[in-house]
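Per Swiss-Prot, the feature active site, proton acceptor maps to Asp68; the stated evidence is sequence analysis. Residues or ranges marked as Zn(2+) 1 binding site by Swiss-Prot on the basis of sequence analysis: His64, His66, His141, Asp212. According to Swiss-Prot, the Zn(2+) 2 binding site annotation covers Asp68, His69, Asp212, His270, on the basis of sequence analysis.
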Amino acid sequence: MELIFLGTSAGVPTRTRNVTAILLNLQHPTQSGLWLFDCGEGTQHQLLHTAFNPGKLDKIFISHLHGDHLFGLPGLLCSRSMSGIIQPLTIYGPQGIREFVETALRISGSWTDYPLEIVEIGAGEILDDGLRKVTAYPMEHPLECYGYRIEEHDKPGALNAQALKAAGVPPSPLFQELKAGKTIMLEDGRQINGADYLAAPVPGKALAIFGDTGPCDAALDLAKGVDVMVHEATLDITMEAKANSRGHSSTRQAATLAREAGVGKLIITHVSSRYDDKGCQHLLRECRSIFPATELANDFTVFNV
C-alpha cells in the first residue's frame, strides 16, 4: 500500500498546505484500488498534481463533517461525471453525509452519471472485500468523527514446488488447489495435502488513519500494532490544553500514543496554519523526542506502508 498526502493543513489552507485529504493506493496485483480519506476544499485540484485521476477512485471515507474535511466532495463528484467517468463510487461517512451530498447536488442542479452509493456508518467493521477489512473507531471531537483501521488479510505462504516435485507430484493446474491449502487425489491414489507444502502465511499490513481527535478511549485499539499510524499534531506541547479543548491533539499526545500502541511508524499531519516550515520542523522534533520513528507529512509526500 502507498499513502499520498493531498492536504495536510488544519482548518484552513496555507500557501504550501491544502486542507485534509489522503490517497491510499492499494497496489494489489489482481484487485487494485484507490481510496480517498477525507476531501477538503480543493482536493480535486490537488489530485491533478498526481499520477491519479478521479476515475480511479472507488471508495471515499469521510471522518467527520467539518468543512476542512468535506467541502471538496461535491466538486469532485460533479467533475467525475463531467469527465465521462462511469465507474461506481462508494462514500462512507458519519450520519449526515447522505443529506450533505444529496442537498449539494440538488440545489446546484447537479447529478452523477455513475452509480453512487452512500453508506452512513457507526463504530465497527464497515467493509471486508476479501483482501482487506476496514473498521471505524469513534474519535473525541465536537462532531461525530471516526478513525479508520485498514488491515490486509494474511497472504497464503508460497507453495514449495521443489518439495512437491521430489514427492512425485508433477506441475499441473492442481497446484492452484494445493496453494489454496486443499487436498488433491493423484492418479496413483495418493492424497496430497496442500497445507503440508505451504510456507507460513505472510502477515498483511495494517494502517490506522485517525480523524480529528483529542485523547480518547478508542485510540489504542485503533492504533495497536499497525505498521503505519497517521495522526494529527495540530498544536505543539505548550498549546496542548487549547488543542484538547477543541477536540484536537498535541505533538506529545500523538507521539505518546504511537509509542504505547507499538506502531511501526508515525506520520503527523493536520498541522495548524500558525506554523511555517520552521515551526513544522519544531513539531516533528517534539514528536521524535518521544517516538523517533516519526515523519512529517507535507502536501504530495508519498509513504509506503
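Cβ from N, Cα, C; glycine included.
Since we're looking at a predicted model, the values are computed, not measured.
Separation of the C-alpha atoms of His66 (Zn(2+) 1 binding site) and His270 (Zn(2+) 2 binding site): 13 Å, rounded to the nearest whole number. In sequence order, His64, Gly211, Asp212, Thr213, Gly214, Gly247 are the residues near His141 (Zn(2+) 1 binding site), counting only same-chain partners six or more apart with C-beta under 8 A.
The residue listed as 'active site, proton acceptor' sits 10 Å from His270 (Zn(2+) 2 binding site), taking the C-alpha atoms as the reference points.
According to DSSP, His141 (Zn(2+) 1 binding site) sits in a coil region rather than a helix or strand.
In this structure, Asp68 is the one among the recorded positions Asp68, Asp212 with the smallest number of other Cβ atoms inside 10 Å of its Cβ.
Sequence-distant neighbours of His270 (Zn(2+) 2 binding site): residues of the same chain at least 6 apart with a C-beta under 8 Å from its C-beta are Thr8, Ser9, Ala10, Thr20, Asp212, Glu232, Ala233, Thr234, His248.
Less than 8 angstroms from the CB of His69 (Zn(2+) 2 binding site) sit Val19, Thr20, Asp38, Cys39, Gly40, Ile62, Ser63, Gly211, Asp212, each of them six or more residues away in the same chain. A simple way to gauge crowding: the CB of His64 (Zn(2+) 1 binding site) has 23 other CB atoms within 10 angstroms, across all the protein chains here.
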